[in-house]
Amino acid sequence: MEDLIYFFSFQDPNIRYVAAGSVLLAISSALVGCFTFLKKKALVGDAVAHSVLPGICLAFLLSGNKNPVVLIIGAFITGWLALVLIDFITRSSKIKEDTSIGLILSVFFGIGILLLTMIQHSGNAAQTGLDSFLFGKAAALVGTDLVVFSSISLVLVVVVLLFYKEFALISFDEDFAKSIGFPVRRLELVLTTLTVLAVVTGIQAVGVVLMAAMLITPAAAARFWTDKLSVMLVIAAVFGAVSGISGAFISYTAPAMPTGPWIVLIVSMLALVSFFIAPNKGIFYKLLRQYRIKRRILNENILKLFYQLSEIDADHQRARTLTELQNKRPIRMKSLKKGLRRLHIQGYLSNRDDKWSLTEQGKIKGRRVVKLHRLWEVYLTKYLRIAPDHVHEDADNIEHILTPELERRLESLLEYPENDPHSSAIPYDPNLMNK
Amino acid sequence: MIVNVENPILEVHDLTVTYSRKPVLWGVDMTLPKGSLVGVIGPNGAGKSTLIKAIMGLIPLSSGWVELFGSPLDDVRKKVSYVPQKESVDWDFPASVRDVVVMGRYAKVGLFKRPRKADYEAADYAIAQVKMTEFANRQISQLSGGQQQRVFLARALAQNADLYFMDEPFAGVDAATEKAIIGILKQMSAQGKTVIVVHHDLQTVTKYFDWVVQLNTRLVASGPVEEVFTQELLQETYGGKLTILSDVGNLLRKQGFPTRDVT
């Protein structure tokens, strides 16, 4: 707790720098990742992330020090080379993109690990900390490293905003972009370069193994919350920033802990939460909607049942027992009781001595459902030429979904028929009849 | 039968296109008159979409050249509009109807600039023309097939071009939309714009178009609908498969042969 307060008070300038750096690079990779995600190139990010490792090692071997600029150049070169090779293999052989991504990713990463092991056993004193590029160490983001990585992140953010319209267009409709003369190939090149750069900036804080998650997960999570590209970019950036700063905090409080896995866990949690609770697209929302529909169908079925019973004995006021209802239509006892109670609370039914009867509003509602059911049966037999003995089931379902607007259209199309195909009278509301 | 015209709006000369060396279009030579409403017809795999894509420079040509308004495409791009097949894009993309239609203005807006107020107004005007105003802010994944096609048409209208290429604008649309779209196309044609449409339904050809291009790998016919939409030519387009041609095509592909002598 003390750590938490100390960290988030940002008194320590070191913490300030580490936090600001992590946030900035998480934001930049989240923004670039949005377009990678929309172009359905999620795996490409992963391939690049793994392919920068041999570049870092080679740069270190050749220069003998850990100057971030040199390492970044090395990482950039192999990351790029991997992309070019993936593209080349896909275009000039029968191997599909997913396979060539898998091939290149593992070959490059294998070479990277080989070189890294070699360096670690070489006894070079400067090599300590090089292995933090594997899983990341945000706390090491100080001094020149911080300046270099943050500047690249800043450039990334600016370029993405500058190219917003162009990237959106080539992500949505590449052929159209070409047809209006946009330099699509060059724009793709810029986007690819940004992807490689985003990966490169993230390696210090997140590490090469898990960097792909920083590109893709914020975008995937943000997509749940919005249907607007601009909003999606903002949400992805916020998600990225949150995970970035949490990563920095963990790296500060537990220096032995690699940062990457933590950042990835946090951003994945955000994605998981979005997956469940996001409005319209979230799982919970869908379940809730399902539940509401079920409840409505049950309510309407019970009112329909009351109305049908009162049609038989021509008494709309009569109170009925549970058994009486169950005999006419076997609804599960538990649901029936629950539905009756709910309709009572809502004012559609009255209840006396364990007997239930329709209120005036209940009668109107029940009559409407019966009417819709029978109208739909007429429609099916008349316009779809379905046999009268096959229309009941369909109508049992459709009666609940017909809107008042469809109801009016159905009535005027069928010209207020008197009877349904089974010769039951269709009950219109006499107060609303406007023949 | 190939009818040629003076001062064509589109001239295709000896156009050959191959996909991994297999010819899809072979030696197409044709000219189209300004202001016509052209239907491109032919069986599946005849190269109808390929012809349009080749003209728009979206796929490399194995041989031949194309001129629009008497110039190469790059000089006249702003006067040309292309409507891809509806299925070529992901309709789950986070964009609204207006976002997509305003893309039709991007060529005029230019790179790195935001669309101006006038561009959004032009987009709204185009949306109104296809009767989608009430859906302008709707997310595109919530549209029906017919509405999606209207959105694409609106984007093309927003381009204010003189020559339009449309790849199957009637595919997967309801009757009302088909009627609305053909109404708009006829009006465009009446305003002197040239519209070239890849079409599938032979029943409606005479009703919709005044010029017909019949393709089956090679160009079978091109001319006014009353002259070339004949039983005999249709038979040639849809009936006889050119087995020798396709066998030679397969041979070229198998042996990695160039389609044209490059020495």
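Each residue, glycine too, has its Cβ placed from N, Cα and C.
TrEMBL entries are annotated by machine, without manual review.
What TrEMBL annotates here:
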TRANSMEM  A:15-38  transmembrane segment
TRANSMEM  A:43-63  transmembrane segment
TRANSMEM  A:69-89  transmembrane segment
TRANSMEM  A:101-119  transmembrane segment
TRANSMEM  A:139-164  transmembrane segment
TRANSMEM  A:189-217  transmembrane segment
TRANSMEM  A:229-250  transmembrane segment
TRANSMEM  A:262-279  transmembrane segment
DOMAIN    A:359-427  domain 'Iron dependent repressor metal binding and dimerisation'
### Task
Check the transmembrane segment (A:69-89) against each of A:101-119, A:139-164, A:229-250 and return whichever range has the most CB pairs under 8 Å.
A:101-119
## Note on the structure
For the transmembrane segment (A:15-38), the candidate among A:101-119, A:139-164, A:229-250 having the most Cβ pairs under 8 Å is A:229-250
### Message
Is the transmembrane segment (A:189-217) in contact with the transmembrane segment (A:262-279), using at least 3 Cβ pairs under 8 Å (sequence separation of 6 or more) as the test?
### Response
yes
#### Entry: Non-local residues, at least 6 beyond the ends, that sit with Cβ under 8 Å of the transmembrane segment (A:101-119)
43-44, 46-47, 50-58, 60-61, 78, 82, 85-86, 89, 95, 127, 130-131, 134, 208
### Task
With DSSP as the yardstick, break the domain 'Iron dependent repressor metal binding and dimerisation' (A:359-427) down into helix, strand and coil residue counts.
45 helix, 2 strand, 22 coil
### Query
By a Cβ-Cβ criterion of under 8 Å, what residues six or more beyond either terminus of the transmembrane segment (A:189-217) are in contact with it?
21-22, 25-26, 28-30, 32-33, 35-37, 39, 41-46, 48-50, 52-53, 56, 68, 72, 75-76, 79-80, 83, 109, 112, 132-138, 140-141, 145, 149, 152-153, 155-156, 159-160, 163, 167, 170, 239-240, 243-244, 247-248, 251, 258-261, 263-264, 267-268, 270-271
